[in-house]
Amino acid sequence: MNPTFILAALCLGIASATLTFNHSLEAQWTKWKAMHNRLYGMNEEGWRRAVWEKNMKMIELHNQEYSQGKHSFTMAMNTFGDMTSEEFRQVMNGFQNRKPRKGKVFQEPLFYEAPRSVDWREKGYVTPVKNQGQCGSCWAFSATGALEGQMFRKTGKLVSLSEQNLVDCSGPQGNEGCNGGLMDYAFQYVADNGGLDSEESYPYEATEESCKYNPEYSVANDTGFVDIPKQEKALMKAVATVGPISVAIDAGHESFMFYKEGIYFEPDCSSEDMDHGVLVVGYGFESTESDNSKYWLVKNSWGEEWGMGGYIKMAKDRRNHCGIASAASYPTV
């Protein structure tokens, strides 16, 4: 954690004796701490309780507005409840929005009409939701998700791949472990390395360690990657014809942090400043096929408690909302 945040926590903790709390939330606070294994020092407890109550109030207000038809999604308290939005962005969002390596460019199939909805989970392309923990390794989970899908397409076998292998070993390609990275750099590592180990043989630790790649346990490979033009129409055709696609999004908002269900639309979302790598596993629409009811089906890496069992429906065909089409790619196998 950034020393600035630690200092802020200590300073506010010293003043915690003057903080006032909503005592009607006491039982919920105690239950939340137990559920998420939170143990605080004497000076930190008051500060974290204040942050948690602020987040709880924001969530309740949002959901009241949702019931009035002002929002298209709900929010819920989760494991991030005692974190400020600044801490959250620093710890959880590790996509580095910088100029990537150049891959091949996706060629949209001529005269192809994409189906109205796609869900690659139903075809066996997608492993269960994973959890990156407090490590900025979202890029690794996005990359393994896309490669898992392409290996299933090639072999008919779905094998969970090692994010830890990427976190520990893809530094020479430009990735920085828990401090962030790019999916294209991960795909390049697999090609350069000649393989990637299974998750079973090289389990996730949520911290960067020395590289322990063992070719005996390699279960996947790629020959490079394909970048998709920065348009939702191109992304839609890629998802429909290729499989799950790695994308980057702007996830640095409290609304995303506490998303629960519904179609996510955040007015302040950027289509250029992306900070989080995720996996598009399909798309669809709710009720009528109007623009406001279309969504991308996105797999996150924050565990099953977050969102819709670890997934989020993100607004589709609304001017590249949150930059979902700005940095899309997939590995070639």
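In case you wondered, yes, glycine gets a Cβ from its N, Cα and C as well.
The active site annotation in Swiss-Prot covers CYS138 (among others). Cβ neighbour count for CYS138 (active site) (all protein chains, 10 Å cutoff from its Cβ): 28.
Swiss-Prot lists HIS276 (among others) with the feature active site. When other Cβ atoms within 10 Å of the Cβ of HIS276 (active site) are tallied across all protein chains shown, the result is 26. Under DSSP, HIS276 (active site) is assigned to a strand (E or B) in the three-state scheme.
Annotation comment: Swiss-Prot describes ASN300 (among others) as active site, evidence class similarity to another entry. The Cβ of ASN300 (active site) has VAL129, VAL278, TRP306, GLY307, GLY310, TYR311, ILE312 as same-chain neighbours under 8 Å, each 6 or more residues away in sequence. In the three-state DSSP scheme, ASN300 (active site) is classed as coil.
Taken from Swiss-Prot, the feature Zn(2+) 1 binding site covers GLU122, and the record attributes it to similarity to another entry. Mapped onto three states, the DSSP output places GLU122 (Zn(2+) 1 binding site) in helix. The number of other Cβ atoms within 10 Å of the Cβ belonging to GLU122 (Zn(2+) 1 binding site), over all protein chains shown, comes to 10.
DSSP assigns GLU163 (Zn(2+) 2 binding site) to a helix in the three-state reduction. In sequence order, LYS130, GLN132, SER137, ALA140, PHE141, THR144, GLU199, TYR204 make up the list of same-chain residues 6 or more apart from GLU163 (Zn(2+) 2 binding site) whose Cβ falls under 8 Å from its Cβ. The annotation Zn(2+) 2 binding site is assigned in Swiss-Prot to GLU163, GLU199 on the grounds of similarity to another entry.
Secondary structure from DSSP puts ASP227 (Zn(2+) 3 binding site) in a beta strand. Its Cβ placed at the centre, ASP227 (Zn(2+) 3 binding site) has 17 other Cβ atoms within 10 Å. Look at Swiss-Prot and you will find ASP184, ASP227 tagged as Zn(2+) 3 binding site.
A coil conformation is recorded for GLU205 (Zn(2+) 4 binding site) in the three-state DSSP classification, outside any helix or strand. The feature Zn(2+) 4 binding site is assigned by Swiss-Prot to GLU205, GLU209.
Annotation for HIS253 (Zn(2+) 5 binding site): spatial neighbours SER85, GLU266, ASP268, CYS269, criterion Cβ-Cβ under 8 Å with sequence separation of six or more. Summarising the annotation, Swiss-Prot assigns Zn(2+) 5 binding site to ASP250, HIS253 and lists similarity to another entry as the type of evidence.
Per Swiss-Prot, the feature Zn(2+) 6 binding site maps to ASP273; the stated evidence is similarity to another entry.
Feature annotation from Swiss-Prot assigns Zn(2+) 7 binding site to ASP275. Other C-beta atoms found within 10 angstroms of the C-beta of ASP275 (Zn(2+) 7 binding site) number 22, with every protein chain shown included.
Summarising the annotation, Swiss-Prot assigns disulfide bond to CYS135-CYS178 (among others). Sequence-distant neighbours of CYS135 (disulfide bond): residues of the same chain at least 6 apart with a C-beta under 8 Å from its C-beta are VAL91, GLY94, VAL167, GLY177, CYS178, ALA206, THR207, GLU208.
Secondary structure at CYS169 (disulfide bond), taken from DSSP and collapsed to helix, strand or coil, is helix. If you look up Swiss-Prot, you'll see CYS169-CYS211 (among others) marked as disulfide bond, on the strength of similarity to another entry.
Positions annotated as signal peptide by Swiss-Prot: 1-17.
For the binding-site residues shown (GLU199, ASP273), fewest C-beta neighbours within 10 angstroms: ASP273. Following the DSSP three-state reduction, the secondary structure of CYS138 (active site) is helix.
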